[in-house]
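Peer 1: Before I ask anything, let me first share the structure, which is written out below as structure tokens.
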Amino acid sequence: METFPLRRSANTSPESPTYQSMTKKNTNNGSRATFVSSPDEDMIDIQTSRPAGGGDLHRTTRLGDDEDDGITHFVVDSVAYSGTQESGDIPGIGQYDDFHTIDWQRDIARDRMRHRYIVKKKQDSLWNLIEGAHDAWSGWLCVLLVGLFTGAIAGVIDIGASWMTDLKFGICPQAFWLNQEQCCWSSNETSFEGGNCSQWVTWPQLLGHSRTGAGAYVISYLFYIIWALLFAALSASLVRMFAPYACGSGIPEIKTILSGFIIRGYLGKWTLIIKCVGLILSVSAGLSLGKEGPMVHIACAIGNILSYLFPKYGRNEAKKREILSASAAAGVSVAFGAPIGGVLFSLEEVSYYFPLKTLWRSFFCALIAAFILRSINPFGNEHSVLFFVEYNKPWIFFELIPFIGLGIIGGLIATVFIKANLYWCKYRKSSKLGQYPVTEVLVVTVVTALIAYPNPYTRMNTSQLIYLLFSQCGISNSDDMCDYKRNFTTVKPVIEFAPAGPGVHRAVWLLILALILKLIMTIFTFGMKVPCGLFIPSLCLGAIVGRIVGIGMETLAFHYPQIWLFSGECSTADDCITPGLYAMVGAAAVLGGVTRMTVSLVVIMFELTGGVRYIVPLMAAAMASKWVGDALGRQGIYDAHIALNGYPFLDSKDEFQHTSLAADVMQPKRNETLSVLTQDSMTVDDVEQLLKETEHNGYPVVVSRESQYLVGFVVRRDLNLAIANARRMVDGICGQSLVLFTAGNAPQTLGPPPLKLKKILDMAPITITDQTPMETVVDMFRKLGLRQTLVTHNGRLLGVITKKDVLRHIKQMDNEDPNSVLFN
Amino acid sequence: MKSYTLYSCLFLASTFVLINAQSYEDKRCKCICPSISSVLNNTEFKNHTSRIMYVTNVPPNQCNCDGVILPRIGADIGSREQEFCPRCVCKYENRNTTIIKVVVIIVIWVISILVIYMAFLIILDPLLNKKIKGNYQEHTNEDDEISAGPMSHNMSVRGNVLNRVGHQQDKWKRQVKEQRKNIYDRHTMLN
């Protein structure tokens, strides 16, 4: 019953034209010719035709008519192959080993078969109808759940991190769960000194000292360092103890996984828990890192765990990646409160296979996640990020020049960061430093805390600093940065143009110091063995640069209002230059340079600011930064880390520009033999011997070693499982049993019963000829998501090209070490 | 298992106690104004950064200068309210302290449970394992694990929950060991 609808769909498979033309030549196959020419025909036809086909096959084989036989085989068996795919008699067939590449074509075909089966059964009973309906909406249900959980967990992380960050400074004794801002939230004190209030007790106060003074400063300093050390130590040791995969940002790995690679446990339960907890701890430790990048990893882990509730996604790696793409969108959506930006991030940066269906699901998932986080309201500001600012100030056309300048500076900073960070990571990988991961975290924490505390801008949470830099100077902002010599005699509520006071100069110097410190510390921090993201530090670097440039421009415009550039707009003495806008543009520039995002970055930034007015400045800066970055160093940080780790990631953005042919790349090289299986002449012992001697992940099956006519392809894992299963389940299978990849009954011989393995044989492997240009081959690997392709010459099997071979070849052509590709 | 129930009881108890302990306001209207001297023009101009902040609990539609500021300092500024009011910024905000409380307590609990478990794995587990290894020699043979997995699953009796938990834990430990080897020793991933 099960095989029936599946078999029918195989008629529409792309191979049927070949088959048709071949069978026309082959006159004794009349019955099957009719069955193909009418693909919608009923089941009975197929069934009657099949034994006939099998019989034919057998006869021709014995006649030794190799040429026709090979082709008829191919089609007849591809029909049966597709049918038996789903049934899965043997446990574990169709799964993948750790660190292996998935076969997108095979998985998608499997899902199509399963879908057909369900559609067909729908008419049978009411229960089947419900089952079919459940199947149809399970994708949406799954992304709904992913959105709910992602939003909730993001809320937990936001609240937990902001509470724990303030724990370094003091505590709210009446309600210990509130952070400093929330503690003073409802206090009605007219003073306005750095948000302090009597309810919030700093550590020196708790020890009986006064709030200010040298002694209090030293105690605060000590407490700051001790808490930072404690949090960092906890984070590093939890990661080391429970889930080593939770360290780092996770985006390079997510990119690799989405491109069709298996890393078992990378998106598992423990990784999720430890990543959340470790993220709270490492953000609170005051390290120069952010929680936005790991949020993508967390969301993907949630997606992976929830997809197991729906067998349609949980058991099919290619389908699972659709859910993971949507989860990645939800991750960015909650990280920045930017649902559309999240969808575009998933599309532009992480996803590999992104059909429209996935786009809509990502959209929905991001929406739900953002909605949940927004209703949790973690920061009490009605938004899902701390540094949300609302802007409605115009910018003047001339300002595009400084904006592009900021883009160039951003590109430069990003290049310096990428190069230095990569150098440090390589050093860590190859030297003794890599043996002391926890010590490294502790040392970096102590150094960061020691340097960061004296400077108020580095002492505070990085998100708060970004908020401060983004916001414009108003009545509610009493920071040094807004110390302008304004007089309040005019009635207008707007902040008028004024000369900078001494506070601004002080702030600029402190900001320059903060910039240097953040840049250096981030280089050393990113890649440590704690959960750490990169978005917030790079946004912060850019915001500092932007703010400084903005203040400079403002001062220039104030002192030289007669310059023709400023004369038009700045004569009215307000709304002339907004340093906060420069900070925003600068932030976009550095982040764009580091990650090489463009569209999604601009959308994220304008969703952060709630104003479409600044799209052009942001676009200009992002573009300039990308150009500068691309000119100075080819790769963004994520691609650079993928290359550093040697993940088998075939970038769909790069072009292949060499003129090599498939014959140059394929395995085996000259003087080596290709390990193949024959369709009906090898014994179980022979096969097991081959499996022992070679380490290939799959073997082509040929008609005979002499002819090398291709029959199909069989995967090592499946072969192992099938043999082990048969030895357990089927009586009489021993070392001398013949292994048959053909259909029909075996010839009646005296020996032990044959082992039929046609079920695990892929009868439709993608083949190319040896003269195919590599450009086409690379394109096929990218667009079809192949795992391997078989190379033929004059119709005879010549060799195999795997994804690893392609990656090695690309590396070799780019004059890099081809052995850096580690996995298969 | 016993300790877990004990912990969860404690957890629930502490949560209830804390919820009743103190209630902070969940709504506020916050107004920030420059100091009154800025409109009165009678004091020295130096102190221009000083601000006054008012936090009250009024309905959102009254969260403005007229509703919050003027009733308090109307007498001080006299007839200059038309100049003073436009410089004040009033914002109505709300939050949810219950969510914050629950979340922070959950975070503390999760972290402490993880730390306790980590301490257990580091200190006690090696001691316990030594004893067990002597008794059940056959369990240490890990090579047959995969092939024996489904078989033992079929044969295992339902009452054997504890064994199965232990089995799962062993499997998980092996996975973590593998991950640790990849990352900390061989440096093949996540550098």
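Cβ coordinates are placed from backbone N, Cα and C, and glycine is handled just like the others.
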Peer 1: Using TrEMBL as the reference, determine which range in A:295-311, A:465-481 is annotated transmembrane segment.
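Peer 2: Based on what TrEMBL states, transmembrane segment spans A:295-311.
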Peer 1: Might you confirm whether the transmembrane segment (A:433-453) is in contact with the transmembrane segment (A:214-234), defined here as three or more C-beta pairs under 8 A between residues 6 or more apart in sequence?
Peer 2: yes
Peer 1: How about the transmembrane segment (A:612-629) with the transmembrane segment (A:396-418) - do they touch, taking at least 3 C-beta pairs under 8 Å (6 or more apart in sequence) as contact?
Peer 2: yes
Peer 1: Counting only pairs 6 or more apart in sequence, are there at least 3 Cβ pairs under 8 Å between the transmembrane segment (A:433-453) and the transmembrane segment (A:272-289)?
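Peer 2: They are in contact.
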Peer 1: Limited to the domain 'CBS' (A:761-818), I'd like the whole-number average of pLDDT.
Peer 2: 87
Peer 1: With a cut-off of 8 Å between Cβ atoms, can you find at least three pairs linking the transmembrane segment (A:272-289) to the transmembrane segment (A:581-606)? Only pairs 6 or more residues apart in sequence count.
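Peer 2: Touching, no - the transmembrane segment (A:272-289) and the transmembrane segment (A:581-606) miss the threshold of 3 or more Cβ pairs under 8 Å.
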Peer 1: Which residues of the same chain, at least 6 past either end of the transmembrane segment (A:581-606), have a Cβ under 8 Å from a Cβ in it?
Peer 2: 332, 336, 338, 340-342, 344-345, 347-349, 389, 391, 393, 395, 402-403, 406-407, 409-415, 417-418, 466, 469-470, 534-535, 538-547, 549-550, 553, 612, 614-615, 617-619, 621-626, 628-630, 635-639
Peer 1: Other than its close neighbours in sequence, what residues sit by the transmembrane segment (A:507-528), given a CB gap under 8 Å and a spacing of at least six beyond its ends?
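Peer 2: Contacts of the transmembrane segment (A:507-528) (Cβ under 8 Å, skipping residues fewer than 6 from its ends): 236, 247-249, 287-289, 413, 416-417, 420-421, 424-425, 428, 437, 440-441, 444, 447-448, 451-452, 455-458, 462, 465, 479-481, 483, 534, 537-538, 540-541, 544-545, 547-548, 551, 637, 641.
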Peer 1: Please spell out the DSSP helix, strand and coil residue counts for the domain 'CBS' (A:761-818).
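Peer 2: Summed over the domain 'CBS' (A:761-818), the classes give 23 helix, 18 strand, 17 coil.
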Peer 1: At a Cβ cut-off of 8 Å, and with pairs 6 or more apart in sequence only, do we get at least 3 pairs between the transmembrane segment (A:137-157) and the transmembrane segment (A:534-560), yes or no?
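Peer 2: As far as Cβ distances go (cut-off 8 Å, pairs 6 or more apart), the transmembrane segment (A:137-157) and the transmembrane segment (A:534-560) do not touch.
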